[in-house]
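The structure under discussion appears below in the form of structure tokens.
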Amino acid sequence: MDLIHVVVLALIQGITEFLPISSSAHLILPKEILGWPDQGLAFDVAVHVGTLTAVAVYFRNDIGKIIIGWLSSVTGRGTDESGRLGWYLIAATIPAALFGLIFDDLIETHLRSTDVIATTTLVFGVLLWVADRKPAETKQLRDIALSTAMIIGLAQAVALIPGTSRSGITITAALFLGLCRTDAARFSFLLSIPVIVLSGGYKGLQLVLSAAAVDWLAIGLGIALSAVSAYICIHYFLNFINRIGMLPFVIYRLLLGVLLFIAV
């Protein structure tokens, strides 16, 4: 890959992975508009590692508490709030994992098109706007039930359709279910960790089995740039979301969807 391709694509992945604007919609733009080649499996693995590093470092304290609480519940020493959240995250990951295993080939073959991505970018952008305009509720992470987590998990499975936006659809579902904006985003970001691990691990296995040549400079740069940009986005999104709401992202998605249709 050319250096400029590595820089641009890594920044796109890092910036868009955790914002509700669809990373796949943005990654297809250089290919459709500029004629850039596909970034390849190795680079996909690299940016997965980068975004996973960002969210794991940002939520390191939460992750530590969740792991300790979950282990306590497993060993019969009682289940606290963090332990329950750990179980909820596991349960909410199952739908996306199953759907990914079953429908991965179908999605890659038939749904990774500009038309599909443009349509889902528009449709789920409007849905995000509707969810954000609901009467405000103050339900927090400690208030959610297993059923709430499972519904958000099912919504995450829908994000396997390119253009949906994993963070966008999970935040949308959480808002519909009454979570405040900040905790809707926090649950979405925590839920991304096992999904990125599974997706990145699967792609990593494919890479190993393919025995393809690896450009280690591109890999290292991709990891670093996607990690730093994703970390910055998580930080500012969580700090400003209650003030700015979802409307700026909705407007952006609508403009992006129209641009994609024009680019076809």
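Cβ atoms here come from the backbone N, Cα and C positions, even for glycine.
As annotated by Swiss-Prot, transmembrane segment applies to 1-21, 39-59, 87-107, 111-131, 144-164, 187-207, 208-228, 244-264.
Long-range contacts of the transmembrane segment (1-21) within the same chain: residues 27, 30, 36-37, 39-40, 43, 46-47, 50-51, 54-55, 128, 165, 167-168, 171-172, 189, 192, 215, 218, 221-230, 233-234, 237, 246, 249, 252-253, 256, each at least 6 residues beyond the stretch ends and with a Cβ under 8 Å from a Cβ of the stretch. The highest tally of CB pairs under 8 A with the transmembrane segment (208-228), across 39-59, 111-131, 144-164, is held by 39-59. Same-chain neighbours of the transmembrane segment (144-164): 22, 24-25, 28, 87-89, 91-96, 98-100, 103-104, 107, 111-112, 116-121, 124, 170, 172-174, 177, 179, 187-188, 191, 195, counting only residues six or more beyond its ends whose CB sits under 8 Å from a CB of the stretch. Between the transmembrane segment (39-59) and the transmembrane segment (187-207) there are 3 or more Cβ pairs closer than 8 Å, counting only residues 6 or more apart in sequence, so the two stretches are in contact.
Within the chain carrying the transmembrane segment (187-207), a Cβ under 8 angstroms from the stretch's Cβ atoms is held by residues 17-18, 41-42, 44-45, 48-49, 51-52, 55-56, 58-59, 62-63, 66, 85, 89-90, 92-93, 96-97, 100, 141, 144, 149, 152-153, 156, 166-167, 170-171, 174, 179, 214, 234, 238, all 6 or more beyond its ends.
Taking Cβ pairs closer than 8 Å, the transmembrane segment (87-107) reaches residues 66, 70, 73, 79, 144, 146, 149-150, 152-154, 156-157, 159-162, 190-191, 193-195, 198-199, 202 in its own chain, all 6 or more past its ends.
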